Amino acid sequence: MAKQEYKQLPKRAEIHSATEQFKDTIKTSLGLDLFKGLGLTIKEFFSPSVTIHYPMEQLPLSPRYRAVHNLQRLLDSGSERCIGCGLCEKICTSNCIRIITHKGEDNRKKIDSYTINLGRCIYCGLCAEVCPELAIVMGNRFENASTQRSQYGSKSEFLTSEQDAKDCSHAEFLGFGFVSPNYNERMQATPLDYVQEPSKEESKKETPTSPEANKGDENV
């Protein structure tokens, strides 16, 4: 075990007279420590301000910011992406998602109710990560204050409007839970494909040999 060595500081001399106390006060007040603190204060006083005037000004949020959820629609037809599989409800650690479904005439699940209790949600993003249809994603709307509890979690609050999906004003989500670009080619490729592809540096180093050089090697 390492031995701890402590450095002993010199003990401050005791002050007995008023003259010594006055000298100590002047030394402490007009010392370098005072001017260092004043210099730092003056430097920060003239530095550019980093304060924003909220709510008139807002900082840009990251695409992977996890705030109030969004329920997506298909951009071509405007239909809901959710298929009612219930994976988001099962994986939710806060037990705040509730889905009620029924079987339709085409033997497919139809969603009757989809609610998220935002008072219990911890915005972990597991529901968006496990969704196979990319139907639920984490949005960037963090201003969700309300005086009524009933406004926290209704489906109409999360669902993207059908008009936004059909007029192409709603783009695909590129944040938390979104698949990486060119994912189809990457999934079909095997590890050997990556090995067989030569890098640019290796292709530059490899120079083709001339036929005359090959003939000379054969004669030898």
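Cβ coordinates come from backbone N, Cα and C, glycine included.
Note that the structure is a prediction, hence the values are computed from the model and not measured.
Marked as [4Fe-4S] cluster 1 binding site by Swiss-Prot on the basis of sequence analysis: Cys82, Cys85, Cys88, Cys131. Note: Cys85 ([4Fe-4S] cluster 1 binding site) has non-local neighbours Lys109, Pro132, i.e. same-chain residues 6+ apart with C-beta under 8 A of its own C-beta.
The Cβ of Cys92 ([4Fe-4S] cluster 2 binding site) has 20 other Cβ atoms within 10 Å, all protein chains considered. Look at Swiss-Prot and you will find Cys92, Cys121, Cys124, Cys127 tagged as [4Fe-4S] cluster 2 binding site, backed by sequence analysis.
Among the features that Swiss-Prot reports, compositional bias 'Basic and acidic residues' is placed at 198-207.
Taking Cβ pairs closer than 8 Å, the domain '4Fe-4S ferredoxin-type 1' (71-102) reaches residues 108-122, 124, 126-128, 130-137, 153, 155, 158-160, 162, 164-166, 168, 170, 172-173 in its own chain, all 6 or more past its ends. Here Swiss-Prot flags 71-102 as domain '4Fe-4S ferredoxin-type 1'.
The domain '4Fe-4S ferredoxin-type 2' annotation in Swiss-Prot covers 112-141 and rests on sequence analysis. Under DSSP, the residues of the domain '4Fe-4S ferredoxin-type 2' (112-141) split into helix, strand and coil as follows: 5 helix, 8 strand, 17 coil.
According to Swiss-Prot, the region 'Disordered' annotation covers 189-220.
The 10 Å shell around the Cβ of Cys127 ([4Fe-4S] cluster 2 binding site) contains 26 further Cβ atoms across the protein chains shown. Annotated [4Fe-4S] cluster 1 site Cys82, Cys85, Cys88, Cys131; additional same-chain residues within 8 Å of its Cβ mean position, judged by their own Cβ, are Ile83, Gly84, Gly86, Leu87, Ile99, Cys127, Val130, Pro132, Glu133, Ala135, Ile136. Of all Cβ atoms in the shown protein chains, 22 besides its own fall within 10 Å of the Cβ of Cys82 ([4Fe-4S] cluster 1 binding site).
For the domain '4Fe-4S ferredoxin-type 1' (71-102), the DSSP counts in helix, strand and coil order read 5 helix, 9 strand, 18 coil.
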